[in-house]
Amino acid sequence: MHLLSVLLGKLLLWLLVVGWLVACGRKEPAATSNTVDRRKEYIRKIPGENEPVPEEVVSRGEVLIAYSDCYDCHREEKKSKGPAFSDIAERYPIQPAYRDLLARKIISGGFGSWGNPVMSPHPDVSMEDAQTMVYYILSLKYRPVH
Ligand code: HEC
């Protein structure tokens with residue numbers, strides 16, 4: 001009986017050591033691909049062509065955003081209360097359908113596309129101004145970021 005428990009103890013120890021070695025050996029690649037997967041899952045890039053946006057529309061959008069409350073919750077390249085503008089640019093192709101979808105979301109607010117927090121509505125922003133803001137945000141995909 002005593003011998004059996006000693007043997008069992010040794011077996012357990014051996015399993016622990018082997019388990020530990022296997023876990024350590026696997027750590028690096030697993031962590032890296034998890035990060036890539038998580039980022040992919042977060043961005044959920046929509047495939048599609050990008051239409052060109054005139055430079056003056058982009059600059060007008062930049063000004064409109066600077067004078068609104070967007071930067072309370074958004075930053076250009078880092079997630080804060082809302083998603084980073086560069087991440088939004090990575091997800092959506094520059095096309096009228098996505099421009100309008102996002103413009104409507106800016107005006108009426110909403111949640112569910114990027115995780116838990118809710119974007120407040122902006123009923124005073126006109127559809128045209130919201131579309132111009134969206135053009136500015138989506139055009140960030142043309143800038144070298146990260
Ligand atoms: C109170 C905080 C807050 C403010 C102010 C705010 N946002 Fe947001 N915004 C968010 C959050 C949170 C999300 C993510 C919502 C979601 O997960 O669907 C978001 C998402 C977005 C999206 C992506 C929507 C989608 O469906 O992918 C755009 C574009 C956007 N915001 C633009 C703006 C602009 C432009 C302004 C300024 C007029 C602004 N936001 C002001 C919090 C805010």
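Using N, Cα and C of the backbone, Cβ positions are placed for all residues, glycine too.
Per TrEMBL, these features apply:
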- 56-141: domain 'Cytochrome c' (DOMAIN)
- Cys70, His74, Met119: heme c binding site (BINDING)
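In terms of DSSP secondary structure, the domain 'Cytochrome c' (56-141) contains 51 helix, 2 strand, 33 coil.
Excluding the listed site residues Cys70, His74, Met119, the same chain places Asp69, Tyr71, Asp72, Cys73, Lys81, Gly82, Ile106 with Cβ atoms within 8 Å of the centre of the heme c site Cβ atoms. In this record, heme c is bound by Cys70, His74, Met119; the longest C-alpha to C-alpha distance in that set is 10 Å.
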